Amino acid sequence: MAKTVKNTPATPAAVHNETTLSPAAPMSKGYLPVTKSRSASGESKLTPMDPKLQQAILLNRSGIKKSPTSSTSEDELAVIASVTSESAWNELTEVRNPTLIIAARGSEPAIVTGRIPIKRIEFIRNLPFVKSLKGARRLIPALHNTIPDIGANKYAPLPKQTGGKGVLVGIIDFGCDFAHQNFIDKSGKTRLVKFWDQTATNNGNEVPYGRLHAANDINKALKSTKPYDALGISLFTGAHGTHVMDIAAGNGRGSGAPGVAPAADLLFVQLSTSNIPWDGPDVVGKNFGDSVNLIEAIRYIFDQAGKKPCVINISLGTNGGPHDGSTLVEKAIDGMLLEKPNRAVVIAASNSHDDGIHAAGNVPANGTHDLSWLVDGNDFTENEMEIWYKGSDQLSVELIDPSGQSLGTVEPNETGQVKDTNGHVQVVISNRLHDPNNKDNVIGIWLKERNTGNWTVRLINHTSKATPFHAWIERDDSGQSVFGGARDNSHTLGSISCGHKSITVGSYDATKKAFPISWFSSEGPTRDGRKKPEISAPGSNILAANSTTKKERIMMSGTSMAAPAVTGSIALLFAAAAARNKSLTIDQLRDIITKKGRTGPPDKVWEARFGFGRIFVPAIIGLLPAAVSAASKVSKAFEAEPPELIKKRHKKPMLKKTRKATQKKRKAAL
């Protein structure tokens, strides 16, 4: 909804003004009362920086502590930075565990990580050699639906393969069942060369946090009657990471159904988190990691691979971010892929197509545009929204509570907050100009848990030209808030799925003859108009290894399941190239993947959910100088079971039921 306002151009301050927002009257029943001042005179000004870091500073000032993690204390945050001096970063006494991810290249600064005290964030951001500083973002498995299928019928294994031998497949995920027979070779030894559990207590080994288990440690544990206890691992049935690793490279010794690259070596990183909710039910009991630990895991895997071909699978993501490949995480991934040939990073597209988490539009000249933000009454978690627009434009933002009461307006380059009577922050709004990584502007809004109802975010344009924008609501599986009214399902790729060199994978349903796109699979393009996802693979109703069972499988759906199919396919391609003394740069690899996707569907050269088609192993290997006769034997290794077998076990399609239930719930919310 748009309307015209009086033209009163905003005058941004040189630094962020920290403003305490206050309504003209008390908030409606069910909300905590807020402070009555609207003056910044009693508050120190905030440095222009990442809205996530500003939020952390404001929460810390109000006395709210975050929970400690394996890599951070309650007073620290994990950060990723671009710096012009690696040595200066390493010498900072405030930075703990400084890690070089990408060295400086020409005019491009180095990308580094570290753990810093929350109280010193502003000091570090203002150092002249620190060009960008970002807080860790939560990452959640890109799994849409899980259907227990323990004890399902076993079918004849595929012909014996040697696919992927000599290639390292890295899996960064949650829940590694190293004792499942699909990850043990015929001699009874593990196929894992290393297992870095970032969540564990450090025991002084070679990693800066967590615990590293070498192959010998795992083999000793396999001889124990309690192998998980032997490594100090807590594992549950149906672990996401076990399922993902089996699709990519399980050997089928336990389940009878091998993955795509059954002869590849494996390295698993159990992802930890340093950016968890500050309070509320999400603090414990949920699997998620963060973006800083993610790139440290990628760096570690590539370093361990050395000259060996290596492909890494990331079936994780969230919704926030600029969606243009400019995040430091995506830049770090791009940089690592350019260091050496025979490297790839495969990322799930995300499952947010129908989730109502994206909106886009134009704020008219001298006018306003209202966004409806629905927070369900049963949502007891925090909620976040990001709005991105061009750096040449400027927007003010007004937040209106569910009772219709305005909490005030935050001008460009200001930060506003709402506090309760105890001084605790309830709402943070950051209106930042010129993000250092893409020079665009971003508005970040954070609502503390229990602030439910239909909120209105009013974008105000004081200029004489229309301002286009994109807005995303952050992913929250415990209580997803959504946009009200008409939704825009385009541009719903995950927060780390928009890089320039990574390969992003959508999901289609191979259990149906027409191979339709999976209803949950996210849609491109990127915000800057690039064609992603690149490719698609089966991701609906996929059977793969079930953790804690040693031999059984479980059915799962999601782009989480599609990505490892492509990961395994790339492992086969790397192995075939190595057999002919060929190396593949990341650009050559991407060219092969995008040129040989199967069509019909999709019907176009590139389609916003299928990408450039459906992955087909014989075709991509066929682009190498010499044909690989074994390709035909593995072409179906990653296909889901035939439709008739699915129908025998499930009289009604489980995903269809889930989708209808989801749609019914969302309609009720509207």
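Any Cβ shown, glycine's included, is placed from N, Cα and C.
Between the listed ranges 1-50, 51-100, 501-550, TrEMBL ties the annotation region 'Disordered' to 1-50.
Of the candidate ranges 307-334, 419-446, 643-670, TrEMBL annotates residues 643-670 with the feature region 'Disordered'. Here the active-site residues are D173, H240, S560, and the one whose Cβ sees the fewest other Cβ atoms within 10 Å is H240. Averaged over the domain 'Peptidase S8/S53' (164-613), the predicted model reaches a pLDDT of 91.
A distance of 8 Å separates the Cα atom of S560 (active site, charge relay system) from that of H240 (active site, charge relay system).
Taking the Cα atom of each, D173 (active site, charge relay system) and H240 (active site, charge relay system) are about 7 angstrom apart.
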